[in-house]
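Notes follow once the structure below has been shown.
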């Protein structure tokens, strides 16, 4: 009694031999039923929230612009008038705050009217036209930009005073459903009521700058339309390169890993050399740290010898540690290389697994789109509220008007003696059951977004683990591999383990929500924090980040055990953790070697696609012929960035499958070592290369007919 457990017993007992075990078990039962029911009820509630948002929401408030009467442009009676024209676009920047304009849905304090087309020429009401009729100046001249219902015989002066017709027109381009003046148009004439130093760029900045420079939106769409087929070609190149890299691992995994390790050693060695040269030069100059002292200018420390000496020591220590690890852990590195080769072979046997990320992508897209649409409908569930507003409420004729009181945009203000008095949009109403619960419903939607996304990712990991485990535990390859391993694993996971996946996804979701809340609190209190508070907040965020990484690692291995043995989440997580802790050194070596390889693969694919896209879209590849000429673009960097981002997504998708294969085969390999001993009755399932590295023998090798039935 009281004796200490040995290392293996401290982390559980090794797995025992089971003569009936032949890979992922088929006779299994549903796991974590309570969490499954909770998840299904939550999804049902999520659907109810979406229905409520759909019933009460009106996304037209965001998708379509409103005119001064509150009617939508491009919808209903204004179906043939899809564009919104601002009578005085300069009021967006001269009379109000830019942020306010953005928050109010681009509603500037000026008359706005729906039009069928935007003006193409510069025009200003002349002095000789002020006494003419509206019909003569606007209607007969095909300037149909007045408010609907303005009489033909109304004097132009009166229409301008009441802002029923525009006093000037500028050449405009439709963008976001609004007629926005062209920034590079010719010099505008003297405009009534507008200071001479006000340019068109200043006038439309109230609409565009608040929305991240929307003036380039049209050009961006043009570039995408011109180059989308070449972007698809670049993504196809990324697809081919990813497949070639996985094939390369199968053929030359050993030399490739050796090159990568030597590359890291070489980089560290160059860093040591560079630090020594800098240290030697500064030492000869007697540049010491006591001459600089304590300063907030960190660049000053680059010119003292102690900085480079410290960097040299750190790099030398890292170089020494890596060399020692390479010497003493060389056998485990060889095991990692053999597992990488086996993983490449498994992926080659089941090529359908490479395209499973497309299923995950579609499911993730559904989750994100559903949340975005639900949030949009919820945000537009209230009725628009309009209030009286004037650019200068201190004028004598405006003091009697009660500003910010409710008004009807369909009716003109009764008091025309107050200059610029308008009925403008303020916000959406917050009355009603849905509006009062809007914040809670949005929080529910965010929780649903995180939970469903994590569940979809968990589903993909568990399905792939089930397929690759069936490969490892097939004694006769490929005869014993199931006909449709991926589809079988998918059906098996959905039927029996939805609750377990929801359990693991919920734990991860709660941690992620906590991180989001902490980031929100940090952003709100950043200006009022003292150094101690910032340090405490940083520690909290660091702890939550580490916790999230650990939970992701634990969940990933728990899903592998669920796919193989069909047990609940807690038991699977415990068994996976104990198995990994009994082989912690092998875990660290394999994890780092795999991370290094996958990082190199991503850099290779993304770098090649990026360089190829740069040379093509900038026209630096000559002699391709007319059919392969680079398109004429406004911003050549846009398709390059899209190609690089797409290549990264494709490479991440392919390499995530490969990484899941390596992790699954590794856990199977560790259990194979504990379950079997190489005898005729208990042969190892691992390939001969792994047996040779471990110095073990098999009386019945996989594929031999000596295996006892």
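Cβ atoms here come from the backbone N, Cα and C positions, even for glycine.
Marked as transmembrane segment by TrEMBL: 33-56 (among others).
The annotation transmembrane segment is assigned in TrEMBL to 228-249 (among others). Outside the transmembrane segment (228-249) by six or more residues, the chain places 256, 340-341, 343-344, 347-348, 354, 597, 601, 604-606, 608-609, 612-613, 616-617, 630-631, 639, 642-643, 646-647, 650-651, 654-655, 658 with a CB less than 8 A from a CB of the stretch.
For the transmembrane segment (256-276), the list of distant contacts is 248-249, 308-309, 311-312, 315-316, 318-319, 322-323, 326, 333, 336-337, 340, 593, 596-597, 600: same-chain residues at least six beyond its ends, Cβ to Cβ under 8 Å. What TrEMBL records for 256-276 (among others) is transmembrane segment.
Feature annotation from TrEMBL assigns transmembrane segment to 308-329 (among others).
Within its own chain, the transmembrane segment (350-373) is flanked in space by residues 50, 53, 59, 243, 246, 445-446, 448-449, 452-453, 456-457, 459-460, 463-464, 467-468, 471, 481, 485-486, 653-654, 656-657, 661, which lie at least six positions past its ends and keep a Cβ under 8 Å from the stretch. For 350-373 (among others), the entry in TrEMBL reads transmembrane segment.
The transmembrane segment feature in TrEMBL is assigned to 449-475 (among others).
With a threshold of 8 Å between CB atoms, the same-chain residues lying at least 6 positions outside the transmembrane segment (496-518) that come near it are 28-39, 446-447, 450-451, 454-455, 457-459, 462, 537, 540-541, 544-545, 547-548, 551-552, 555, 558-559, 562-563, 566, 568-570, 572-573. The feature transmembrane segment is assigned by TrEMBL to 496-518 (among others).
Per TrEMBL, the feature transmembrane segment maps to 558-581 (among others).
Positions annotated as transmembrane segment by TrEMBL: 593-617 (among others). Long-range Cβ contacts of the transmembrane segment (593-617) within its own chain (Cβ-Cβ under 8 Å, at least 6 residues beyond either end) map to 227, 230, 234, 237-238, 241-242, 245, 249, 256-257, 260-261, 264, 333, 336-337, 340, 630-631, 633, 636, 639-640, 643-644, 647-648, 650-652, 655, 658-659, 662.
Feature annotation from TrEMBL assigns transmembrane segment to 637-670 (among others).
Within the same chain, residues 11-12, 15, 23-25, 28-29, 31-32, 35, 458, 461-463, 465-466, 469, 489, 493, 496-497, 499-501, 503-504, 587, 663-664, 667-668, 670-671 sit at least 6 positions outside the transmembrane segment (558-581) and bring their C-beta atoms closer than 8 Å to a C-beta of that stretch.
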